[in-house]
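Positions annotated as transmembrane segment by TrEMBL: A:21-39, A:93-110, A:122-145, A:182-199, A:220-240, A:260-283, A:361-382. The feature domain 'ABC transmembrane type-1' is assigned by TrEMBL to A:87-379.
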Amino acid sequence: MATTEYRSKVPFWRDPVKRGHLFQAAVLLTALAIGYTLFVNTQANLQRQSIATGFGFLEREAGFEIAEPPIPYSAADTYGRALLVGALNTLKVSSVGIFFSLILGTIIGISRLSHNWLVSRLSVAFIEVMQNIPVLLQLFFWYAIFYEAFPSPRQALNPLPGLFLCNRGLIFAVPAAHPSHVWMLAAAGVGIVGWFLLVRWGHRVQDRTGRLLPVHRMGMALTVLLPLAVWLLAGAPTAMDVPVLRGFNFRGGLTVSPEFSALLIGLILYTSAFVAEIVRAGIQAVSKGQIEAAMSIGLKPGQVLRLVVLPQALRVIIPPVTSQMLNLTKNSSLAIAIGYADFVSVANTTINQTGQAIEGVALIMLVYLFFSLSTSLFMNWYNKKMALVER
Amino acid sequence: MSDLIRDNEEIRPPVTKVGVLGWLRENLFNGWFNSLLTLATLYLLWLTIPPLVKWAFIESHWYTDPGVCREGGGACWSIIPKNVRFIFFGFFPEDQQWRPALTMILLVGLAFYSKDRRRWKKSLAVIWLVGILLMGWLMHGGLGLPVVETGKWSGLPLTLLLSFFGMVFAYPLGVLLALGRRSKLAAIKSMCVVYIELIRGVPLISLLFMSSVMFPLFLPEGVTFDKVLRAQVAIILFTAAYIAEVVRGGLQAIPKGQYEAADSLGLNYGKTMRLIILPQALKIVIPPTVGILISAFKDTSLVVIIALYDVLKTTKVTLSNPEWMGFSTEAYLFLAALYFVCCYAMSSYSRRLEKELNTGR
């Protein structure tokens, strides 16, 4: 009773709850007012410049070419399809980039902890240099290397048989198309599924009897041997599609353009330096006593790593590595600076041709938000799986 | 015992354990794997370093005409001294270039002056304010100096100004956003969450595009907004979201008892935050904050994409001059060194500051 009496005497601007409501209402109203003003201004501006709004332009003919599209595309296709090509290119460069930067980053992170003085110093130097130079400058650098330091196709560098480096990009031999390839791929898929099932079965056997089965070795053998068997059954085709110099350029083989290569090299080197630091911190976070305890109960070095060190290190490593993966995806938008047709680059061309700036920028943001959110959803799921289960 | 060790003779460790030999054994050749690794690394270095040294120093040119460079095989560093005025100052009128030069000296000097923590007083803020006004006057002109429009501001001063003001304005905004995200007021909290997640989910260039193509549409007819300023706003908005997340981490690390203690003293929200929580939280997050600031400094280079002439763009313009075409490697290496020195200085300063501030905890 006393409190309500007391409360009623407090003027409303001194009551934290009411003051909170008032403050929120003020902020919301301000935000709405700003939003409304912007909306009205934009409407007026668009009308004055007679720009149509809406996404109708996606159906219109794009009229520009895209080099090396991952799906069939020509200038006669729509803006919608052009943007799809751009999105697929972004997906391509970021997934390949993430894959390699995780591998390279792990190697360098472990090297930094090496007892070998030379190796650890070199890793430190690599990390410092790569982290402290803007990624855009690195992209320009690699792109310039392709066009200025590498010779023309006639004098192409040939470091390995079947691999050529020249100012037209990276050209290498691939196995000649053969109907058995599809079946080999299918066999590899069956092998991976079998591996997965074997691991589950192995766990069950271990839970029941305590016996450890070499499931990983069996699974690996399955994944390698099944496609090999298919290949042998198909008569072991060994024909290779080797690039040959014809006139001014190479024919055959697989060509990776300088734009794609420069983008990929730059992104991988830049991101792997950050991943390396994360991996190092993660490994250092595992206390020495854990490793000593694991060794004292007689685990082999491989088991110590797999059963004791990695599960604890990964807990520390996964969240920051996830943001590095997202950073790489976002940085791939710099492709526009060196002329690789990623999503931003295609969207920018679209904006310039149609004048639909708002829709274009909104599309760019939506696509990247989609990539970011789906990556972080997946990684959060994985993180939860690996996280420490506490009471 | 005394039989074994005679008076004046000191028993020294074996020669393979100390000195150069011992160090080599300990650090490079302990075990077959490490020895192999060392030899492989040395071989790789042998393959790369001598040709690189030959290219960069022995056969290089330092102050010649491009023609001479083309004949010789080595690096053509001449591109830097011959074009340094344009690379550094861009389109700033040539007879006025002492002004941006002085601005940069002022900025770097002020930064160096504020390095010492004993000088962190109210007077420092006044010095900075005067300094910023002076810089603005030097760059823009007026009051006796010819006016130079912002469209002509380019090169290194533009890079430094964009990143400096980006950091200065993004930091308080980021702190506010972090407080908002931790706030109990639902509307404020959700607005901050949406803002932070939205900005962190998109690449910086999409914001720069927004500033260059969408901003003009937002403004009422007749009002125009400077292009440099628009890019600056985009950089601030972007950096603030990242700083907010870092500061949030710091806020989460403050134990609940600190809040309760502040409450029991009868402090209100503002005082609690200003006197108790933020000083501790901001101190904890110095290293990641500097990390964000370093990325902000590097990310300023992205204004190239919306055709602002920062130092990277002026270098590219120099390279597109037919006379100097083909020497990109040298020019980019020079720029890389420039960026490296700045970023490295920032990160090593942060490490020192962290050590100095590491009093309690």
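Heads up, the Cβ atoms here are built off N, Cα and C, so glycines get one too.
Keep in mind that this is a model prediction, so the values were computed, not measured.
Put simply, of A:21-39, A:93-110, A:122-145, A:220-240, A:260-283, the stretch with the most CB pairs closer than 8 A to the transmembrane segment (A:182-199) is A:220-240. If you look at the transmembrane segment (A:93-110), the same-chain residues 6 or more away from its ends with a CB under 8 A from one of its CBs are 123, 126-127, 260, 263-264, 267-269, 271-280, 283, 321, 324-325, 328-329, 332, 335, 340, 342, 371.
Counting residues 6+ beyond its ends, the transmembrane segment (A:220-240) has Cβ neighbours under 8 Å at 162, 173-176, 178-180, 183-185, 187-188, 190-192, 194-195, 198 in the same chain. Residues of the same chain lying 6 or more positions beyond the ends of the transmembrane segment (A:361-382) and with a Cβ under 8 Å from any Cβ of it are 83, 87, 90-91, 94, 318-319, 322, 325-326, 329-330, 333, 343-344, 347, 351. With a threshold of 8 Å between CB atoms, the same-chain residues lying at least 6 positions outside the transmembrane segment (A:260-283) that come near it are 68, 93-94, 96-98, 100-102, 104-106, 108-110, 112-113, 123, 126-127, 129-131, 135, 138-139, 141-143, 145-146, 169-170, 309, 313-314, 316-317, 320-321, 324, 327-328, 331-332, 334-335, 338, 340.
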